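These features come from TrEMBL:
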DOMAIN    34-82  domain 'NLE'
REGION    1-30  region 'Disordered'
REPEAT    147-188  repeat 'WD'
REPEAT    189-230  repeat 'WD'
REPEAT    232-281  repeat 'WD'
REPEAT    282-322  repeat 'WD'
REPEAT    411-452  repeat 'WD'
REPEAT    453-488  repeat 'WD'
REPEAT    495-523  repeat 'WD'
Amino acid sequence: MATLLPPPKRQKSNYAKSLEKPKEPEPEIPIPSIVVQFKSSEDGSNLGPAINLPADTGRDALQMLVNKLRGETEDPLPYAFHLLPKLPSTSTSTTPQSARVQINNSIQLDALKVSGTTFSPEDVFELWCEPQAVFRVRSVGRCSATLTGHSSPILCCAHSPTGRYAATGSGDATARIWDMETETPKWTLSGHKGWVLCVEWDSREKILATGGHDGQVRLWTPTTGQPFGQPLLGHTKWITSLSFEPLHLMSTKSSSPRLASASKDGTVRIWNTSTRTLEFVLTGHAASVNVVRWGGENVIYTGSSDRTLKVWSGVDGKLIRTLNEHAHWVNTMALSTDFILRTGPYDHTGKVPKDDEDAKSIALARYKHLTSTHPEALITGSDDHTLFLWPDQASSSFSSTATPKKPLARLTGHQKQVNHVAFSPDGRMIASAGFDNAVKIWEGKTGKFIASLRGHVAAVYRVAWSADSRMLVSASKDTTLKLWNLKTYKIRIDLPGHTDEVYCVDFVADKVVSGGRDKSVKM
């Protein structure tokens, strides 16, 4: 029989407290001095020798020390610090250990003072340092615009790579392009015969692709709002997902990237967008293909309701391998390079490339820079309540020890279906949203659990990261958006305003765009 805990004591009222004798002030505890060894989280190497510090050394001082050790005194980088908890040998508790202890103030406050801590001042503290983005995204505070225009619920939204426009697709068979700078409607794209289920920008902001319930894929020119040629026909059922070829893989002959479209009919079609012809079809899935992603190593990833993932060559469409670990439909998938591939040559500095060649070289350099430390990884989420983190699937990685067929990690913790998963732009963290009202944060390289963000009171449909990986916004069935503070893993700001379920959200620069069942777009 389980042990029954005694009922908790009744809290004293303020009046009763005021009658008590004032307590003696506690004697000041001397601050212990501790030995700290800084370690780089990128390759695990030690940064300089171990240093003796007072335990209340603040985070800013620690940052200064790391920059001194690395010799970057001119332009210091911001760092985030965490400790990995030691597992106590006599552990009887069944509570799962979080994968890391964040140091936000000082080691004294965050590691030694916490109840139930396994740290003692005698340890050598291995402090892991993660460089953070050098720029900061301004926090989102209020709803600055509510734009109506769609006559039925908004099903999808996407920001253009530079963040100047946003596109939304709706159940009224139109897509709309909104100007983000003036926060006004720009174009209405009509032509679909059914709901518009997905919208996708190419990374040069020259084409917008929309996929509809009518099985058509249509291309548009965002500057004029006119159709970019004829619709692409061929799918027999509705379109579930679209993905453009990454900019740095584009062949020099074609003026625009190829497009992959996944459909409920179980096929993925690869289109040449400049001639609007079909290049090849990827068949082999036994059920609806729910999501397609075109990776930076020229492989195409597809996830399907037949519980498998398939990896295809982007050159000729041959099947490289099938990954079957999930026990239910694969709903969602993200690459650690998604953000880089989506924004192509545009970064936070706002420089505009001179021509296509220049843009291509910038995009390639950004991609190489990101994948130099950790190769492109893939995360998938499914109706079986779990996520799997997969190693790099491109052929270049066969030399490594990881077998590509086996997942690096199985991420469990959601109690219901996983709805959406996204890598942070720097690839260090993964956020997943589920029907169990929770958003969970995981480590991007190992898949270890970091924290659970609680606060929504209904299913969470979507999550989006800010470009500097410091903020996360989630959209939910409970009509709110929540902006999370990733230092404390608490709600930073609640963004109410929608009157019904919020289906989609996207984050670019310092604006959040959201749309939902109440037919209005909010920024």
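Backbone N, Cα and C define each Cβ position, glycine as well.
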Task: Among 147-188, 282-322, 411-452, 453-488, stretch most in contact with the repeat 'WD' (495-523) (C-beta, under 8 angstroms) - done: 147-188
Open item on the list: From the DSSP assignment alone, can you count helix, strand and coil residues within the repeat 'WD' (147-188)?
Closed with: 0 helix, 24 strand, 18 coil
Open item on the list: As a quick check of your reading of DSSP, tell me how many residues in the repeat 'WD' (232-281) are helical, how many are strand and how many are coil.
Closed with: 3 helix, 23 strand, 24 coil
Open item on the list: Averaged over the domain 'NLE' (34-82), what pLDDT does the predicted model reach?
Closed with: 71
Open item on the list: I'd like the per-state residue tally for the repeat 'WD' (189-230) from DSSP, helix first, then strand, then coil.
Closed with: 0 helix, 20 strand, 22 coil
